[in-house]
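Participant: Just passing along the structure, written as structure tokens.
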Amino acid sequence: MLVPTTHPLQAGLTAESPLISAYRGIRPATTPVWFMRQAGRSLPEYRELRVGTEMLQACLTPELASEITLQPVRRHAVDAGIFFSDIVVPLKLVGVDVSIVPGRGPVMGKAVRTAADVAELVQNDPAQLDSALGPIIDAVARTVAELGTTPLIGFAGAPFTLAAYLVEGGPSKDHIRARTMMHADPESWAALMTWTAEITGRFLRAQVLAGASAAQLFDSWAGSLSPEDYVRHVAPASARVLDFVRDLTFEASGTETRVPIVHFGVGTGEILPQMRDVGADVVGIDYRTPLDEGIRRLGASVPVQGNVDPAMLAAPWNILEAHVRDVHRRGLDAPAHVMNLGHGVPPETDPTVLTRVVELVHSL
Ligand code: 1CP
């Protein structure tokens, strides 16, 4: 499906940006950099805007979501915006009782624990999401109009990470109940994975159609899975999510291309090749795996993103600087490298440090 000419990739605005070039495996002159959770509590201008508005309400208010997405791009001069939203937004939009509790994260009104719970949930037709995505499409369209030549990254949560919240009822450490359902009731598990893929895939597709130049799939909690469980019980659903964006093609600089797909999870050093194999172009590596080691595990042929340790952001500058230089050096083993953190920006981070990291990376 060829999409309209106004898309930033098709308009020639973002196709040759450092970020999109790197995601395509072409090393740009300067290393692109952005930060997971760059929008959010580390920014005083974000905290100010959010006063009196609940998190999910902010996500569904296009002017707010757009402004919050733009704040870190203006302040830090990062190479990409990441759409301000949350992985549970599509669940909310199909009527799942979910809220985001400050300081905690997504909490469900009712956990999905039994076969009957799953059967009830999946009765909810994923196709009805399409008519509820208006605020997301509006927010993305406004944002890309402001971003110009800076690409916007759209994102979605992978089925396993979403199921970890649905089954546990909220944040959990080892996602034990979700991993038990996978083995104790594989049929319900498969039904839950399929339904979740349909929901989250639609959310991702809408962002790409509305103007996102890249797509990142967050399987944040996949690191709690063995490689065997990942491949058997999770990977097919993640691949299904990516089918929702794989068929969208853009004519950029005379060639037909699709949006690059990035796949990231925390503690996933043991399943990096499996995460690429679901159909990712770029693999995000968390801070636990040295970047060059991650690149080696991926066969040295895959562009990578990562992996500054978020804990270093609060260390003295000379220590942080040495660490960023070290990550940059290790990243030279890949065809291309996008600098990022190994996970999200801690809320207490001094934002001037992030700006300084961007300046450093661009100077390397
Ligand atoms: O009150 C607040 O300010 C809420 C904090 C917050 C924010 C700013 C939450 C709750 N979500 C978000 C935005 C968000 N969520 C973004 C926006 C853009 C950016 O990165 O700048 C993104 C990409 C997400 C995605 C997300 N939500 C993930 C995947 C990325 C990751 O960090 O691993 C996950 C796991 C969530 C769930 C979630 N939402 C919020 C929290 C605190 C959590 C994690 C809870 C837990 O530990 O289980």
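Glycine is no exception: its Cβ is also placed from the backbone N, Cα and C atoms.
Keep in mind that what you see is a predicted model, and the values were worked out from it rather than measured.
According to TrEMBL, the record shows the following:
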- 32-41: domain 'Uroporphyrinogen decarboxylase (URO-D)' (DOMAIN)
- Arg37, Gln38, Ala39, Gly40, Arg41, Asp86, Tyr165, Ser220, His343: substrate binding site (BINDING)
- Asp86: site 'Transition state stabilizer' (SITE)
- 153-169: domain 'Uroporphyrinogen decarboxylase (URO-D)' (DOMAIN)
Participant: Between Tyr165 (substrate binding site) and Asp86 (site 'Transition state stabilizer'), how far is it from one CA atom to the other, in Å?
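Facilitator: Here the two Cα atoms lie 13 Å apart.
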Participant: Measuring Cα to Cα, how many Å separate His343 (substrate binding site) from Asp86 (site 'Transition state stabilizer')?
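Facilitator: For His343 (substrate binding site) versus Asp86 (site 'Transition state stabilizer'), the Cα atoms are 15 Å apart.
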Participant: On a count of neighbouring CB atoms within 10 A, which of the binding-site residues Arg37, Arg41, His343 is highest?
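Facilitator: Within the set of binding-site residues, the most crowded position is His343.
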Participant: Name, in the order they occur in the sequence, the residues of the same chain whose CB lies under 8 A from the CB of Ala39 (substrate binding site) and which sit 6 or more residues away.
Facilitator: Tyr46, Ile68, Thr69, Gln71, Pro72, Ile82, Phe84
Participant: With every protein chain in view, how many other Cβ atoms are within 10 Å of the Cβ of Tyr165 (substrate binding site)?
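Facilitator: Its Cβ has 26 other Cβ atoms within 10 Å.
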Participant: Among residues Arg37, Gln38, Ala39, Gly40, Arg41, Asp86, Tyr165, Ser220, His343 annotated as binding substrate, what is the maximum Cα-Cα distance? Answer in Å.
Facilitator: 23
Participant: Return one of helix, strand or coil for Tyr165 (substrate binding site), based on DSSP.
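Facilitator: Tyr165 (substrate binding site) sits in a helix per DSSP.
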Participant: Tell me the Cα distance separating Asp86 (site 'Transition state stabilizer') from Arg41 (substrate binding site), rounded to the nearest angstrom.
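Facilitator: About 14 Å separate the Cα atoms of these two residues.
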Participant: Return the average pLDDT for the domain 'Uroporphyrinogen decarboxylase (URO-D)' (32-41) as a whole number.
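Facilitator: Over the domain 'Uroporphyrinogen decarboxylase (URO-D)' (32-41), the predicted model scores a mean pLDDT of 95.
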Participant: Round to a whole number and give the Cα-to-Cα distance in Å for the pair Arg37 (substrate binding site) and Asp86 (site 'Transition state stabilizer').
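Facilitator: Arg37 (substrate binding site) to Asp86 (site 'Transition state stabilizer'), Cα-Cα distance: 10 Å.
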